[in-house]
Structure formats: structure tokens, C-alpha cells
Amino acid sequence: MAVIYWDRSKIVWSFEPWSLRLTWYGVFFTVGIFLACLSARYLALSYYGLKDHLSFSKSQLRVALENFFIYSILFIVPGARLAYVIFYGWSFYLQHPEEIIQIWHGGLSSHGGVLGFLLWAAIFSWIYKKKISKLTFLFLTDLCGSVFGIAAFFIRLGNFWNQEIVGTPTSLPWGVVFSDPMQGVQGVPVHPVQLYEGISYLVVSGILYFLSYKRYLHLGKGYVTSIACISVAFIRFFAEYVKSHQGKVLAEDCLLTIGQILSIPLFLFGVALLIICSLKARRHRSHI
């Protein structure tokens, strides 16, 4: 049986006297966020009908978007960390509270990151509602919903490189044997579930970006956000079935993992938003 053996170093650079380390996960995380922000800014400036808006200049819009992306990290990362602490390691962090801020030891939840982003989008749109009224909550979330897959792909690629969030054992020819996995069994071929997820997110996001970029379909406000939320929840829910769950279940007899439980509210939010947007679009068409 042909398998892939993964034995790459997790460290790019280290300075032992000060215990400083640059990990490949950190590199992929940074590159993914940076490329996603660049793509979103380009899309907003060129293809979302803003460049001809008379109430503000293109440079003002560029600065506003850059501020939005830069400061979003202050909500995404803490949100991801807090959700991980609460849902994935509460008993441990209750005994070792000093570890909560030691984010370099690992431990981020994508669901918490999404919640942190949505909170920041709401705050930012409120701050800018008089300066640039076009930057509404749904505009910002639609914009990022078109490019989220870029960041998600690189983050999952970082997980793969870091040998974490590994899959369950498999006999498929593309099974991966990790030399030093953070979970699961060493020396056993497993599903490269990190790549399953990352590629799926990238495909969904690519389709949404293409539709927004080419404007082949007239997607109204909120549609990209709702489709992105539904897709992410769907992908994450089923990816959990081939993940090594590290005991992250609500109880021994529970059929769902915490990752699946947390995906349900995201799915419901996406469905509710899709229904609301569809009803508004229908009412709008009836008045034309």
C-alpha cells in the first residue's frame, strides 16, 4: 500500500537563548490572512460598485478597509483562543490559568474566530456608518465571505505541516503517516483531513469570489455571507467524521463532537440569513 510519509520540521527558525521560535504554522497563518486581505481589498475597490461612489474617495475607502483588516486580528485571534479554552480545554485551563494567554503553545478554535470576526464587522460598520455608509455589516461579511477560503486553506495547510488535527486511520493510497503527530497514533496511515478541509474551503470561496468578481449572478446583500456560513458548517461537520477527536466529545455516549455541535449554530445562522435575504429580495422585486 502506497502512503505518504511526513517528517518535516515544524520550526522555521529558533533562538534558544530567548526561547524564540518561528513555526511553519505561524508562517502559513500569516500568509493566508495577508493574501485574503489583499484579495478582499482588490475586490472591494474594483468590483463592488464603490469606485464611482461620490460620498468618499477611493483612498478613503482603501484606508478604511486596511484598518478593518488590520484590527480584525484583535478580535479573530482572541475569539479563537477563548472558544478553544472554553470548549476544548476548560478543565485544563481552569487548573492552569496562566496557560490561557500562552497562545504560542497552540490551541485555536475556528468557530471562535468566526464569532470574533462577526463581532468586529458589526462594531466597525457602526463606527463607519456616517463616514462611509457603504461599509455595512453585510457588505463587510460578504466581502470576506468571498475570500475566506484563502486564509482557511493556508491555516489548514499549517495544521498539516504541524502534524495536528490529524485524521483517522485509512487504507487509501493517499493516507499520510506523520512522524510526530500531536494527536492520533504514530506510524499509522491517516486521512489528510486538514487538506480535505482546506481544499473544500478554497473551492467554495473561489466560487463565491468568481461570482462576485465576474458578476455573472447578481448576488444581493447577505447571500455570500449566508452561503459561506452554510458551506463552512457543512464541511466542518462532515470532516469531523474522519478526524482524530482527542476525546473532544460532550460525553462518552454522545454521537457528535464539539466541532460538530459548534457547527450547528453557524449553519442555522447561515440558513436564517439566507431566508431573510431571499424574502427581502422578493419584496424588492414585487415593488419594481
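Using the three backbone atoms N, Cα and C, a Cβ is placed for every residue, glycine included.
If you check Swiss-Prot, you get these features:
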- 18-38: transmembrane segment (TRANSMEM)
- 68-88: transmembrane segment (TRANSMEM)
- 107-127: transmembrane segment (TRANSMEM)
- 135-155: transmembrane segment (TRANSMEM)
- 193-213: transmembrane segment (TRANSMEM)
- 222-242: transmembrane segment (TRANSMEM)
- 256-276: transmembrane segment (TRANSMEM)
Same-chain residues near the transmembrane segment (68-88), Cβ under 8 Å, at least 6 residues beyond its ends: 33, 37, 40-41, 100, 103, 107-117, 119-121, 124, 135, 140, 248, 258, 262
For the transmembrane segment (107-127), distant same-chain residues with Cβ under 8 A (at least six beyond the ends): 67-68, 71-72, 74-85, 87-89, 135-137, 139-141, 144, 152, 155, 229, 232, 236, 259, 262-263, 266
